[in-house]
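Chemist: Below are the structure tokens for one structure; questions will follow.
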Amino acid sequence: MALVASVLIILFVSLVTPKLSALSSNYYQNTCPTAEYAITKIVRDATKKDNTIPAALLRLHFHDCFIRGCDASVLLNSKKNTAEKDGPANLSLHAFFVIDAAKKAVEALCPGIVSCADILALAARDAVVAAGGPYWDVPKGRKDGRVSRASETSKLPSPTFDLSQLQQSFSQRGLSTDDLVALSGGHTLGFSHCSSFQNRIQNFNSTHDIDPSIHPSLAGSLRSICSGKNKAKNAGTSMDPSSTVFDNTYYKQILQNKGLFSSDQALLAHPKTKSLVNKYASSKEAFYKAFANSMIRMSSITGGQEVRRDCRIAN
Ligand code: HEM
Ligand SMILES: *[C@@H]1O[C@H](CO)[C@@H](O)[C@H](O)[C@H]1NC(C)=O
Ligand SMILES: *[C@@H]1O[C@H](CO)[C@@H](O)[C@H](O)[C@H]1NC(C)=O
């Protein structure tokens, strides 16, 4: 009986666990033991020259994982089809050159071994560390995909989403509401263009011009940045006041109604998500721990088939 029960339990667990493929921490231990350090060094050096690099690398990995799994489809160049990187929602995707440099370094050490998808996952972790955030051990062994379609970027969550739309977008990828709240903390880094929060500061709905859930002083400053004759080309603002430092300021801002996107402020909409926002706002350690765990879960959504020789071109 005990045997039957345990077989059933194993069967059940394997059915309900989302695509957790055979990734492992020591995947390149024998085939390319120095790859990881080479990537870390390139990310660290690039960050020293330009402190906006960590944000870009973290977002690249997120976009990669949310479309076709973490298969480096976000890195492919357009050919006959327009690729993800040239599609809508590519605003502020940058730092591709850092991934190219990392691939070049790793190919010189051990040609044809390390996938571009693994390089992205490692670079995202190194980016968070370079910005002062937590370290985690990255499981490796992802394969690269052969397809990238601009049209599929419409499957990314939108900054205008409410809580249930966000939950749906995450659960479709095997990610929980806890993952949603922790991973949204990635918005402690980086920059946003006006178009991403324009919905909140003008023509919000038929009764309110401005989203009533946005702090009036923030609304005022966003409106002055994003409208009028002085509006700069590529106008926008930093994601939080300490946007090159990976800290828990993002959650503190939300508690003051100073989240930038509807999707950020939406985390207060339910008691469960609100209590997590409270927890991470009051404990950087709790945020770091949750973020690292959720990053491992997000970056374990796999999808590819090959190890690309050039991250921009399928073999
Ligand atoms: C929860 C759903 C999410 C939505 C709706 C969302 C949306 C956005 C939008 C609209 C931007 C600004 C683009 C621009 O105007 O230039 C942005 C930037 C960014 N996002 Fe998200 N995002 C989400 C989740 C995530 C996750 C899970 C991460 C990483 C863990 C992440 C990391 C970033 C970073 C670092 C930036 C700044 C990029 C830069 O400065 O180069 N986002 N996001
Ligand atoms: C984003 O897409 C536009 C075309 O829609 C393209 O011109 C631009 O180069 C793309 N940006 C990046 C970083 O690839
Ligand atoms: C506009 O938004 C506010 C705040 O979310 C809401 O209370 C109000 O009912 C909305 N008005 C309409 C017409 O949807």
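Cβ coordinates come from backbone N, Cα and C, glycine included.
Please treat TrEMBL annotations as automatic predictions, because they have not gone through curation.
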Chemist: Check for me: which candidate out of Cys32, Cys194, Cys226, Cys311 does TrEMBL give as the disulfide partner of Cys110?
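Modeler: Of the listed candidates, TrEMBL names Cys32 as the partner.
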Chemist: Using all protein chains in view, find how many other C-beta atoms are within 10 Å of the C-beta of Cys65 (disulfide bond).
Modeler: 28
Chemist: If I take the Cα of Pro157 (substrate binding site) as reference, which of the recorded positions His63, Gly69, Thr188 has the closest Cα?
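Modeler: Given the candidates His63, Gly69, Thr188, the nearest one is His63.
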Chemist: Including all protein chains displayed, how many Cβ atoms other than that of His187 (heme b binding site) lie within 10 Å of its Cβ?
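Modeler: Summing over all protein chains shown, His187 (heme b binding site) has 25 other Cβ atoms within 10 Å.
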Chemist: Cα-Cα, whole number of Å: Cys110 (disulfide bond) versus Asp64 (Ca(2+) 1 binding site)?
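Modeler: So the Cα of Asp64 (Ca(2+) 1 binding site) lies 24 Å away from that of Cys110 (disulfide bond).
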Chemist: Which residues of the same chain, at least 6 positions away in sequence, have a Cβ lying under 8 Å from the Cβ of Cys194 (disulfide bond)?
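Modeler: Counting only residues 6 or more apart in sequence, the Cβ neighbours of Cys194 (disulfide bond) under 8 Å are Leu222, Ile225, Cys226, Lys231, Ala235, Gly236.
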Chemist: Measure from each Cβ of the recorded positions Cys32, Arg59, Asp71, Pro157 to the atoms of ligand 1 and list the residues where some distance is under 6 Å.
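Modeler: Arg59, Pro157, by Cβ distance under 6 Å.
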